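According to Swiss-Prot, the protein carries these features:
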- K28: ubiquitin cross-link (CROSSLNK)
- S36: phosphoserine (MOD_RES)
Amino acid sequence: MHLMYTLGPDGKRIYTLKKVTESGEITKSAHPARFSPDDKYSRQRVTLKKRFGLVPGQ
């Protein structure tokens, strides 16, 4: 079982172990993606995050 989440009405995460909520909404994984040193697109991803202000700490 993996920790999953869905967004509540106030925009905060509601954590669960279920894949689908009672209302039929599909949950998302609460775990980050695995890191790979062979990631070919990390430069583009970082550039886009900086451009749109999505990098934490800025």
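In case you wondered, yes, glycine gets a Cβ from its N, Cα and C as well.
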| field | Pairwise CA distance, K28 (ubiquitin cross-link) versus S36 (phosphoserine), rounded so that it is a whole Å | value | 21
| request: Using a 10 Å cut-off, grab the number of neighbouring Cβ atoms around the Cβ of the residue listed as 'ubiquitin cross-link', all chains included. | output: 11
| Neighbouring C-beta atoms (10 Å sphere around the C-beta of S36 (phosphoserine)) | 8
| message | Tell me the coarse DSSP state (helix, strand, coil) of the residue listed as 'phosphoserine'. | response | coil
